[in-house]
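Below: the structure, in structure tokens.
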Amino acid sequence: MESGLLLAGILFMLGLISVLIRRNIIFMLISVEIMLNAAGLAFIVAGSHWAQPDGQVMFIFILTMAAAEVSVGLALILQIYHRLKTLDSDAANLMRG
Amino acid sequence: MAHYLWLILAFPFAGAIVLLLAGPRLSRAVAAVIGAGSIGLSAVAAIAVALEFSTARPNPTFYHQVLWNWFDVAGFSPSIALHLDALSLVFVLVITFVGFLIHLYSTEFMADDEDFSRFFACMNLFVGAMLVLVLADNLLLLYLGWEGVGLCSNLLIGFWYKNPANGYAARKAFIVTRVGDTAMMIGLFMLFQQFGTLHIQQIAEQAAQVWPVGSPVALTVALLLLGGAVGKSAQLPLQTWLPDAMAGPSPVSALIHAATMVTAGVYLITRMHVVFELAPVAQATVAVIGALTLLIAGCSALTQNDLKRVLAYSTISQIGYMFLALGLGAWSAGIFHFMIHAFFKALLFLGAGVVIQALHHEHDMTRMGGLRHKMPVVFWTFLIGSASLAALPLVTAGFYSKDQILWLSFAGERGSLGLYAAALVGAFITSVYTFRMVFITFFGESKTPIVHYPGSRMTLPLVVLAVLSLVGGFIELPHNLAQFTLFSNFLRPVLPDVVVKPNYDELEWIMQLVAAAVSLSGIYVAYVFYLKSPALVQSLERSGPAMALHRFWHAGWGFDALYDALLVRPYVFLANLNRRDVIDRFYTLLTDLAQSLHGLLAQTQNGVLRNYLTGIALGAAAILTLSILL
């Protein structure tokens with residue numbers, strides 16, 4: 001139980017740190033996926049601990065949402081590349097206040 | 001027909017709305033038809049209602065029409081309701097009929113002005129507001145019309161707004177009358193506090209039961225209402241705005257002086273006569289103010305060279321006669337003089353407008369002259385108006401209305417020798433300055449070439465008003481000439497009769513002869529000084545004291561300078577002292593703070609995605625930490 005949650009926490013932090021330090025948008029997207037998977041792992045561990053199916057239900061939700069998120073995200077990345085000819089997220093600051 | 005009463009009001013307002021919304025897109029002809037036509041229709045409706053009112057049997061004392069409830073707050077629910085009795089009917093007829101003639105005249109007078117439709121919109125609104133004032137059944141609605149009239153006077157006096165002096169005159173008229181309005185508003189508050197209503201009829205019924213004669217509350221209320229009347233009617237000490245109000249076009253002056261604005265004060269006092277009769281001191285004050293004003297304004301009129309300023313001071317003086325009559329309790333005599341004055345003063349202003357336009361906007365009488373043969377219609381109508389103003393005996397309407405006031409100021413119950421003397425001297429001054437104006441303007445040799453002759457739309461109102469100035473007086477004859485008192489009989493249900501001192505009846509002949517002699521001798525003096533031997537005037541002007549007096553009178557007895565030194569300058573000085581408002585500084589600080597914070601926060605909107613993410617992550621961490629710790 002504890003080791004499972006610890007693994008989920010470490011994975012989540014790794015994902016968060018890499019979102020924050022990466023500049024390449026594709027890598028940022030992958031890092032978000034890692035964070036989502038870490039959250040899913042935490043749900044599975046909790047579900048198996050209390051012998052409840054809710055954790056698995058939530059994981060399927062997360063899986064579905066991740067698929068939708070990736071498709072939208074990839075479409076956005078394609079657009080950004082098309083417009084800016086780069087995948088550097090710092091370059092996409094045209095809408096600053 | 002009584003339920004068509006609202007139409008009298010509806011036409012001018014409808015005209016004003018159409019002209020305001022669609023004015024610039026309408027052609028001049030259409031705008032003129034709407035502008036003058038709406039007042040014409042209103043006059044027709046007024047005449048129809050008047051016929052119905054005076055022929056209905058049994059004779060009604062008033063018509064009442066509730067249009068809708070204005071609002072309802074804590075038991076105070078004033079309604080938009082019309083009340084028509086003999087008094088308001090006289091005013092409505094004068095306002096719509098004389099107003100229509102002035103509008104008709106304006107369609108030609110203003111024909112070349114670029115703001116043609118705006119002019120008529122304001123004029124219609126002016127007439128509409130005045131009609132609200134005289135038809136209101138409660139004092140709140142009356143006050144709405146009262147302020148509407150003030151607003152329209154501001155709009156019209158400053159009509160040629162491109163000249164800063166006109167804007168100054170408009171502001172002066174607005175602010176000076178507002179001083180009186182404030183007094184009146186406090187009076188209305190006191191009335192409401194006393195009676196719990198502002199309905200005029202209810203106040204009139206309850207006042208005598210609530211207040212004993214001479215009670216201090218009644219006195220205060222009457223004096224506060226008098227303050228309002230003094231402001232609007234340009235009486236002492238708030239008369240200074242009217243001469244400057246000549247900055248507006250001539251038809252505007254005619255409308256302000258004859259049919260609207262300045263007569264509002266006369267109406268207010270007459271309408272609230274119950275309150276004034278319960279406060280004899282206030283009523284005596286009305287008479288004294290009237291007597292003083294007619295003397296002061298008459299002397300100023302003697303010295304003016306601007307044709308319209310002579311007429312302006314003359315109006316102040318004639319309204320002084322009306323106030324004198326009201327102060328004497330001679331209510332119907334005051335209203336009679338109001339009506340006759342409306343005829344001849346509108347005539348004089350419209351005639352002056354023709355002259356001024358004919359001489360290419362020359363206002364100075366000393367540069368006119370010799371117009372007698374060149375503009376015969378204008379000359380004869382102007383002469384009739386002047387004769388009426390000077391109260392030429394027997395033939396003019398002005399004689400009958402003014403003689404009544406003169407007689408009652410002597411023989412009336414509240415009359416006194418002092419008031420009579422003032423009225424008599426005023427009558428003499430009136431005929432001197434009136435015929436001084438006529439002789440300088442129309443006689444002698446011509447000094448300025450005529451560039452414009454009036455058309456039929458300008459001469460027709462002059463002729464109609466001239467006829468009224470002659471025959472208008474025959475509806476009310478003095479008792480000793482004939483027992484014919486149509487006008488005061490008509491007003492009797494609304495206004496109480498004046499009581500004449502006993503055993504004075506035989507004197508009326510002598511008084512009339514004196515009044516006639518005074519009027520004729522005034523004309524003769526003007527003839528000697530300004531036509532026969534002008535050298536007399538010049539030698540008089542060379543002497544020092546006469547010159548100083550002339551300057552003093554010309555400046556309106558120094559009232560402007562006095563107010564300037566007493567009120568305007570200290571106020572401007574204080575305003576300059578506090579140029580950067582102390583209290584404003586706090587609020588300026590507040591806005592500066594908000595703006596700098598905004599600047600700081602705007603820095604964070606830099607469009608760098610990772611910064612936003614860092615913000616989100618730190619925020620989430622902070623919230624989690626707090627929720628665990630607390």
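Any Cβ shown, glycine's included, is placed from N, Cα and C.
Given the ranges B:540-557, B:612-629, the record in TrEMBL names B:612-629 as transmembrane segment. Sequence-distant neighbours of the transmembrane segment (B:420-443) (same chain, 6+ residues past either end, Cβ-Cβ under 8 Å): 291-292, 294-295, 298-299, 301-302, 307, 310-311, 313-314, 317-318, 320-321, 324, 355, 365-366, 368-372, 379, 382-383, 386, 389-392, 402, 405-406, 409-410, 514-515, 518-523, 525-527, 529-531.
Regional average pLDDT for the domain 'NADH-Ubiquinone oxidoreductase (complex I) chain 5 N-terminal' (B:70-120) in the model is 87. Here the transmembrane segment (B:213-231) has Cβ contacts under 8 Å with residues 146, 176-187, 190-191, 194, 207, 237-238, 264-266, 268-269, 272, 275-283, 285-286, 289, 323 of the same chain, all six or more residues outside its ends. Long-range Cβ contacts of the transmembrane segment (B:173-193) within its own chain (Cβ-Cβ under 8 Å, at least 6 residues beyond either end) map to 76, 139-140, 143, 146-147, 150-151, 153-154, 157, 203, 217, 220-221, 224-225, 227-232, 238, 240-242, 244-245, 268.
Comparing B:116-135, B:281-303, B:509-531 for CB pairs under 8 angstroms to the transmembrane segment (B:310-329), the maximum falls on B:281-303. Cβ atoms under 8 Å from those of the transmembrane segment (B:29-51) belong to residues 1-2, 4-5, 7-9, 11-12, 14-16, 18-19, 23, 63, 84, 89, 92-93, 96-97, 99-100, 103-104, 106-107, 116-117, 119-121, 123-124, 127, 131 of the same chain, restricted to positions at least 6 beyond its ends.
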